[in-house]
Amino acid sequence: MQRSPLEKASVVSKLFFSWTRPILRKGYRQRLESSDIYQIPSADSADYLSEKLEREWDRELASKKNPKLINALRRCFFWRFMFYGILLYLGEVTKAVQPLLLGRIIASYDPDNKEERSIAIYLGIGLCLLFIVRTLLLHPAIFGLHHIGMQMRIAMFSLIYKKTLKLSSRVLDKISIGQLVSFLSNNLNKFDEGLALAHFVWIVPLQVALLMGLIWELLQASAFCGLGFLIVLALFQAGLGRMMMKYRDQRAGKINERLVITSEMIENIQSVKAYCWEEAMEKMIENLRQTELKLTRKAAYVRYFNSSAFFFSGFFVVFLSVLPYALIKGIVLRKIFTTISFCIVLRMAVTRQFPWAVQTWYDSLGAINKIQDFLQKQEYKTLEYNLTTTEVVMENVTAFWEEGFGELFEKAKQNNSNRKTSNGDDSLFFSNFSLLGTPVLKDINFKIERGQLLAVAGSTGAGKTSLLMMIMGELEPSEGKIKHSGRISFCSQFSWIMPGTIKENIIFGVSYDECRYRSVIKACQLEEDISKFAEKDNIVLGEGGITLSGGQRARISLARAVYKDADLYLLDSPFGYLDVLTEKEIFESCVCKLMANKTRILVTSKMEHLKKADKILILHEGSIYFYGTFSELQNLRPDFSSKLMGYDSFDQFSAERRNSILTETLRRFSLEGDAPISRTETKKQSFKQTGEFGEKRKNSILNPINSIRKFSIVQKTPLQMNGIEEDSDEPLERRLSLVPDSEQGEVILPRISVISTGPTLQARRRQSVLNLMTQSVNQGQSIHRKTAASTRKVSLAPQANLTELDIYSRRLSQETGLEISEEINEEDLKECFFDDMESIPAVTTWNTYLRYITVHKSLIFVLIWCLVIFLAEVAASLVVLWFLGNTPPQDKGNSTYSRNNSYAVIITRTSSYYVFYIYVGVADTLLAMGFFRGLPLVHTLITVSKILHHKMLHSVLQAPMSTLNTLKAGGILNRFSKDIAILDDLLPLTIFDFIQLLLIVIGAIAVVAVLQPYIFVATVPVIVAFIMLRAYFLQTSQQLKQLESEGRSPIFTHLVTSLKGLWTLRAFGRQPYFETLFHKALNLHTANWFLYLSTLRWFQMRIEMIFVIFFIAVTFISILTTGEGEGTVGIILTLAMNIMSTLQWAVNSSIDVDSLMRSVSRVFKFIDMPTEEGKPTRSTKPYKNGQLLKVMIIENSHVKKDDIWPSGGQMTIKDLTAKYTEGGNPILENISFSISPGQRVGLLGRTGSGKSTLLSAFLRLLNTKGEIQIDGVSWDSVTLQQWRKAFGVIPQKVFIFSGTFRKNLDPYEQWSDQEIWKVADEVGLRSVIEQFPGKLDFVLVDGGCVLSHGHKQLMCLARSVLSKAKILLLDEPSAHLDPVTYQIIRRTLKQAFADCTVILCEHRIEAMLECQQFLVIEENKVRQYDSIQKLLNERSLFRQAISPSDRVKLFPHRNSSKCKSQPQIAALKEETEEEVQDTRL
C-alpha cells in the first residue's frame, strides 16, 4: 500500500478533498489494484480504536452495576460528533436564510420601489455567498460524521471479535453463527452512513421553528396550514410504511421458502442432475416465486405511493399556505415566491430528514444494546494448572452442558400449572423433563501416567468428545477434580484448516524446528502429498483447505497437534477420513513411535488401537462402562463390543427416544393454537409451547459446511420442546441470520424459515457456534472431488449427517439465546462476501441497459408512455406561459394597493393564475399524469425481474457440471438471493426516482430557458460538465466499491474460520495472533472504505460547485437582463434553487442505478451459461444385436417389461477419461473394464484416488471422453435424462429437500400411495413415516433434521427402489451409519436389488462382503480389477491393510481350520443379518 497524500495535504486540500485526485486519475485511466490503495492514518487503525474503546468499556464494567456501552462510546467520540453536528446545523441554517434574500431581490423589481433596484446586485451576491458557505460547511460535516461512524464500527468490530474468542462453550451453543455475522454486517453497518443523519433529530425541530417564524412574518396564521398538511403527509407516509412492513413480513417468509429450496438445489446440484429432477425443482421454485411476486408487487405499489407523495406534495404545501391569506388579505408576488422557497426546505425537513433521523437513532440504539448484551455474556474460564504435574487424573467428575436445572424445573412447573391445555393431559408436559438435567459425564475416575496411551471408546453420544472438552477446560465440571499440567495439544475430530500455507497450518505460530517438522511430516504420511504441489509445503490453502481432500486435511490437523511440544495430546478420532492402509501406517509411526514418550488420549473405536493402548476407557451413556487394559477387558467385559460399537440395545435405545420425540411432536401440534402467551410472560422468559422441533437443530442454509455432527452429549429427553427462549415482537419470517459459505466464506443468506404447505414443525432453527465447531469440513470425498486448479467447492451445504442418537439427544438451550437477527430488508441483502467469479466491468455497459429494456416488450412502451406524458406536461406549461405572456396586463387602478408595505405589489386575478399555472406545470404536479406515468413503470420492472429469475433458474439447472465446477456455490446462491432482491425491490423504485427527478430538472430548465433564453446558454456547459464529471468519477468509484467488497470478505471469513477452530485456538493459546490477523483484515477494508468515502465526497462537492457556478450565472443574468417583470425573476430564481437540490439528488440516483444494474449484468452472465448436451449425438433409435431397440426408462408402473431399457444392467467402459473442467487436468485416465449383469463391484483406493469421480463420470456429470455402454446401448445414443434414469444413486452427501415425504420420494408424482408405502416397508421406513403427523404429507425442513443420517440413507434407497433402476451406484453408504441402519441397507440391497448391477465405493472392509469383483484405482488409473482373493496376495499393498480379524470376516470358511475358537471375543464378529431382527427405525 502507498502512503496516503492526506498526511501531507494542506488545509485547503483537505477541505476540498483535492488529495484524492491521484487515485481518481489512476482509476479513470487503468484498473485499480489493492496495491494502489492508500494506507490508513494511525488514528483509524483497528489496534488503536479497539484499545481506546476497550479501555472505556472496561472502565464502565468496573465502575457500574449496569454498564452501558453507549457511555463508553460517548467518552470516545462525543465531542467530535457534536462539533460536526454544529457545522451541519449552520449549513442547514443557510438554506432557511436564502428565501429572505430571494424575496428582497423580487421586491426590488417593484416599479414603485426604485430605491431597492440599486441594491439587487448586492442581494444577488449575498445569495450566491450563502450557497458557497453552505457547500463549505455541509460536505466536511457529512464526511466527518461518516468518518466517526466508520471508527465506531471498527472499534466495535474488534471488541465483538475479541469477546467471541473468550466466550464459554455453553454460550457459544446458544448463539448462531448467522447471528454473529449479522452483528458484524447489518447492525454495525448502520453506523457508517447513518451517523450523518443522526443530528437531524435536533436540527429539524430548530429549523422548523425558524422557518415557521419567517413564514409567519409573511402569511401570519396561514403559515400553519402548510405545516399541518406536511404533518398529515408525514403521518400518511408512516401509515404507508406500516403497510409496507406488513407486506414485507409476509413476503419474507415466501422469499425464505424459495431460497431454502433454491439453496438446497444448488448445494446438491449434482444429486439433482443424478436423479433427473431438474424439471421438478424448477416447477417447485417457480410456484413459490409466483406467490412471492404477488406480495412483492403490493409492497412495491405502497413504496411507490410513499415516494410519489413527496414529489406531488410540493404544490399543495404552497397552495394551502398561500390561498387562505390571499383570499382574506390579497397577496404580493414576493410573498408567493418566498413562501415557495421556504416550503421546499420545510418539506424536505419534515417528510424526509426527520423520519430518517428517528429511524437512524432507533436502529443504532437497538444495535448498541444488542452488542452490549453480547459483551456481557459469560466468558471461557481458564483452568488453573500445575506445570509440575506429570500424570492426568480425574476424580469423581460429573459435568453438564447446561446449568441451573433445578431453577429451570421450578419455572417450568409453575408455568405449566398456569397453562390450560385443551386435552387436559398435563403429565405429558413433564414426560421427559425430569431427565433434562442428565449429566453428559457422570462420576468419571481414571489416572494415566506420563507416556501412557489411553484409548477412549464408546457408542455415539457416550460422551467421548465431552471428556476431552472437560480436560481442555471447555466444559466445566460441576463436581470432582481434574489434574494435569495444562500443556495441551489438541486434534479435533473435524479437521480445521486456517487460510495460509501447509507449513503455517502445521507450525501454527510455534517456533520452527526443521528436524521436528520433517519427522512430523513423515510420520503423518504427508511427504507424498506435499511433493505433488509445485510450491511444496508453501502452497497457499483456501479457507477450510478447499483444495485438499478430506484425508489430507485430517493429516495436516494431526500434524499440527503433534508438532506442538506438549505434555498431553488429545486426539479426537483423527483417523475418520483415512483409508485403512494410511490409518494403520500413521497409527504405528506417529501415535505409537514418534509420540511414544508423551501422554496421549485417543478417541477411537478400532480394535487394533485398543489392543496397543496402555489403558482403555469405554464410556456408555456418559458413565464409565470399563476402565483397564485390553486383557482385562476381554476377561471382565466379553460383551464390550456392543457398548463400543453400539450394537446392544441400540434399537431399543433409539426407539425409546423416537417414541418420546413423536409423542411430544404430536402433542405440540394439538397445543399449538391453544396456549397463547401474554407479552408479559414472554418478556419474563417463561416456558412456552412452541412449534420448535429442536431450535438448535442444524439449518443447512445457515451452516453450509460438509458436516457430520457427532458431538457427544447424552440427554434422556430427545428434544427439549419446553425450553426457555427469548420471545420477540417480530414475526418469525422477519428473522434473518447471515452465514458465510463454509469453506470459502462467500455467501450471505437470509434466515430460512419453514415451508408451510402441509403439516410441519413450524420452527425457527439456528446453527449454534458450538455446532459449527463440532462439524466436519471434510466429510469424505464428494462425488465431485476438487482439483487444485478448481475454484468451486462442490458441497456448499451438507445435509445433517447425524447419527440417530445425536438427533434424539440434542438439547435446547435453557438460557435465553442471543437474538440479534434482523428482518429482511435491502441492507440485509448486501453482500458480506465478495464473489471472486465476478468480472463485471467497472461501469455498467450500454449493452446491459439495452438488453434489460428489451427483456419484456411492454417496458419499451411504458418508457415511451412516460416520455409522452412528460412532454405533455412541459408543453402545457409552455402554452400557459405563451398564453399569459400575450395577455394584456390588468389596469393598475383595479387592484388594491397597500400603502403600508413600501414595496408590495398586489397580484390581480389574472396574474395570480399566471403564477400558479407556472408552478403547477414546472413542479411536476399534474397528479393524474404523474400517477399514470410511474405505476406502470414499477409494475413492468417487477415483471422483468420475474422473467430474469425464471431464465436464470432454468440456465443454472441445465448448465453442465463442468461449468458449475468453476463457480462457487455461494456465488450462484447470491444471484438468487442478493441480486434478485435488488431486481425486485431496489431497482424499480430507484429507476422511478431517477426518471422522476431527471424529468423535473429538465422541465424546470426548459421553463427557465423559455423565460430567459440567455440562461439556456449557461445551462449547456453545466450539463456537459455534469456528464463528464459523472463518467470520470464512476470509473474509479465502482472499482473502489469492488475493492471494498473484496476487503470485506476476509473479515467474515476470518471470523468463521476462528469459530470453527476455536477449541484448537484456545488449546494452542493463539488468540492474540488471530486478533492481530483480524485487525489486519479490518485495516485493509478500512483503507478501501475510507478512500471510497473521500472520493464520493470529492464528487459531491464538485457537483455542488458546478451548481453554485450555474446559480451565480442564472442570478446575475436574471438581474441584469430582466426589465420590470418581477414575476419572471421570481420564477427563474425559485426554479434555479429547486434545480440545485433536485439535480444533485438525480445525480446520486443515476449512480445508484448504475451500481444496481451490475446485479443485472451478473444475472445476464448466468443466463448466458452453456447448457448440457440434452440431445443424443447419435441416432435416438439405437440398435442392439442388429435389431432396433425401443429405448424406454421406467417412469411409471404401467410400462410393459418388453419396452424397458436397461434390462440386464451389463456395463462396458472403454477408454474413459474424466475432467472437472474443460481445460483441467484429467482426474481419471483411460479407464476400461466391464461389468456383467447383476454383478456387484467394489471400488478400492486411497482417499482422493478418484473413486467418487468414477461414479460421477458414469452419470455424465463431468467432462468425459471415451464410451460407456449399458446393455449394448452407448451413452451417445440416448438423451442425458434417459441415460441418468438408468441408474439408482445413493450419494455420499444425502439430499433431502424441504418438502413432504411424498415429494422427497416421488417429486414427479408418478407413483400411488400404495406403491410408495410398499417401498417404505421394504426399506424399513414405514414405522418412521407413520408416526409423524400427516404421514406422507409431513413436511421435512432443514435437510430433514428430524431424521437421522440412517433414515436419510434409507430415503435415498427408497428412491432407487421406486426408480426401478437396473444399476445402483453407492458412494460410501455406510459412512457415519449406526450398525442397525447399515444392516437394513445390506438386507434391502440383497432383496430389492437382487438382479441389479451394484457398484459400491467403500472404505470399510466389512461393507465389501457382498462384492464379487473389486476395482482398484491408483493414480487416476485402474491398478487391478479382480476378486478379493487375488488382491490379497503377497505383492498387494492392500494385504498390509487387512488385519487377520478382517480376513476371518472376509473368508470365514477358508480360515476356520486355522483359527482356534475364542469365545471371549465372539462379540467382535459382525452380526449377520439374521441376528438383526425386523428392525424398525
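Each Cβ is built from the backbone N, Cα and C atoms, and glycine gets one as well.
Just one residue in Asn432, Asn801, Asn900, Asn1230 has N-linked glycosylation site written against it in Swiss-Prot, and it is Asn900. Membrane topology from Swiss-Prot places Arg104 together with Val1129 on one side. Between Asn415, Asn894, the residue that has N-linked glycosylation site written against it in Swiss-Prot is Asn894. Within 10 Å of the Cβ of Ala462 (ATP 1 binding site) there are 27 other Cβ atoms, across all protein chains.
Every protein chain shown contributes to the tally, and the Cβ of Gln493 (ATP 1 binding site) ends up with 22 other Cβ atoms within 10 Å. Trp401 (ATP 1 binding site) falls outside any helix or strand according to DSSP and counts as coil.
Rounded to a whole number, the distance between the Cα atoms of Ser549 (phosphoserine) and Ala462 (ATP 1 binding site) is 29 Å. Calculated from their C-alpha atoms, the gap between Trp401 (ATP 1 binding site) and Ser549 (phosphoserine) amounts to 33 Å. All chains included, 22 other C-beta atoms sit within 10 angstroms of the C-beta of Trp401 (ATP 1 binding site). Taking only the Cα positions, the spacing between Gly458 (ATP 1 binding site) and Ser549 (phosphoserine) is 27 angstrom. Around the Cβ of Ser549 (phosphoserine), 21 further Cβ atoms fall within 10 Å across all displayed protein chains. In the topological domain 'Cytoplasmic' (147-195), helix, strand and coil residues by DSSP number 43 helix, 2 strand, 4 coil.
Helix, strand and coil counts from DSSP across the topological domain 'Cytoplasmic' (940-990) read 45 helix, 0 strand, 6 coil.
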